[in-house]
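So that you can see what the record holds, here are the features copied from Swiss-Prot:
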- 1-17: compositional bias 'Polar residues' (COMPBIAS)
- 1-262: region 'Disordered' (REGION)
- 29-51: compositional bias 'Polar residues' (COMPBIAS)
- 56: phosphoserine (MOD_RES)
- 58: phosphoserine (MOD_RES)
- 90-103: compositional bias 'Basic residues' (COMPBIAS)
- 104: phosphoserine (MOD_RES)
- 109: phosphoserine (MOD_RES)
- 139-152: compositional bias 'Low complexity' (COMPBIAS)
- 160-170: compositional bias 'Polar residues' (COMPBIAS)
- 198-215: compositional bias 'Low complexity' (COMPBIAS)
- 277-561: domain 'Protein kinase' (DOMAIN)
- 283, 284, 285, 286, 287, 288, 289, 290, 291, 306: ATP binding site (BINDING)
- 399: active site, proton acceptor (ACT_SITE)
């Protein structure tokens, strides 16, 4: 038994959308009178042609199922809702398809890209766009007056309600500006204008990927506004424009100015209309360089310029100067000279210090000046206060001598020249050099080759300075290391294993061991010159055994500073001295005589 193709389609439910291909006459011949359930009346098909409705009572009362069969034609496979609202046909296969439903555009709005991609265009290929929306407008107008049958589902009611939504305002196009000919639409006047920003260089990918943001409206989504931008092809690869793109009509067409070129010289350079410092006179000289008295041309303050020569340094910047700068930057004390700044020239480096009028050696070379016991006590106290601070910070000066102790006219004392200073590791395995400290102020352990020493070496040098204040001249004056040891042994006695057990372990002890033992004659020599407290203090400071020497803090607690009279008194007599007295200047004056 053979069936026609139309019959097979009807049985399988896959007949093409033939409703839109047949004319009205063919429909009436196949289905007869179109009956609509409108309160028990029938509506003839001619009523649509004459635009007038003829309502008559139903001629026969039959079974409801028979009436429904007569109401809808047998050769029409789509549902009553599809026929009533004249919407495109959806097959059973498409109904079972999962995912979002294809969007059906409402009257007055052109179809969106999703409409063309969903296949709805194929199902309505027999209709032009004008006819399609004409039928949609008729169906929507009829839906507003016709009752909704109980069989209507929620999706149908939502589609009807969506037809009454307000259409979005049309976009306002602008003239092409600085965006490579792109049409930029501005937002409606109701919304605040966006902040203009610097336009960026667009690429070919930016031109191809355009979105709804460029036209001033939100991005297309199913169930929301769908509109068409003339002369622009919308695609699913829409991307928002760059955040720096301006969306207002006030966008400037000018290209931003290029960045300025980097300067040819250093970025941070300080220049002055005149030299920052003017040299007045030379006040010192040594192996490192020269020291000048200078004036600050801006503030008028006196400073000391320590010039470091670099032309003779084959290995670069002197390590002693590096240590001095590093240590002075960490020290802040009233009895330590202050480093103001560092100035660099082509072949030299200047270290700028605060200016002090004298140094201790230059003052003691002046035969007309004599310190009182109160002045000596005040100066000695300042020496140990500075040492207590240095040792507390873990710094060994290692070059305490008269020329490195500065004085001003008010009697203030400050330590200077930290070129040989270093941080103390406080370790028994420390290995320092013993070629430090000027020979006259060098302790006996260094003269015997000790390399693991501590703060006791500075205490010995300070004891020599105190004795120099009492006597007015250096206390131990030797020609070399051997003669220096002999001078020390003559005054303080020779060391032995009982008084200094560690002396036998020193490298040069056996080599420089004295032939005969000598006893100390320090007390007998100074018992008529110094007070008992001063003798006791100096004898402890100049002990041969470094472990028997007191610390700087213990020295300040000695009765010489705490209870013995006279009390410490500032050396104001320095104000009566004419000019500045430094060691280099004092020796220069003597040579002229």
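In case you wondered, yes, glycine gets a Cβ from its N, Cα and C as well.
Feature map: annotations from Swiss-Prot on the structure.
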{"residue": "283", "record": "ATP binding site", "CB count, 10 Å": "24"}
{"residue": "285", "record": "ATP binding site", "CB count, 10 Å": "14"}
{"residue": "289", "record": "ATP binding site", "CB count, 10 Å": "21"}
{"residue": "291", "record": "ATP binding site", "CB count, 10 Å": "21"}
{"residue": "399", "record": "active site, proton acceptor", "CB count, 10 Å": "21"}
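You'll find the Cα of residue 283 (ATP binding site) roughly 19 Å from the Cα of the residue listed as 'active site, proton acceptor'. Across the structure, residue 399 (active site, proton acceptor) and residue 285 (ATP binding site) are spaced 16 Å apart at their Cα atoms. Across all of the domain 'Protein kinase' (277-561), the predicted model scores a mean pLDDT of 92.
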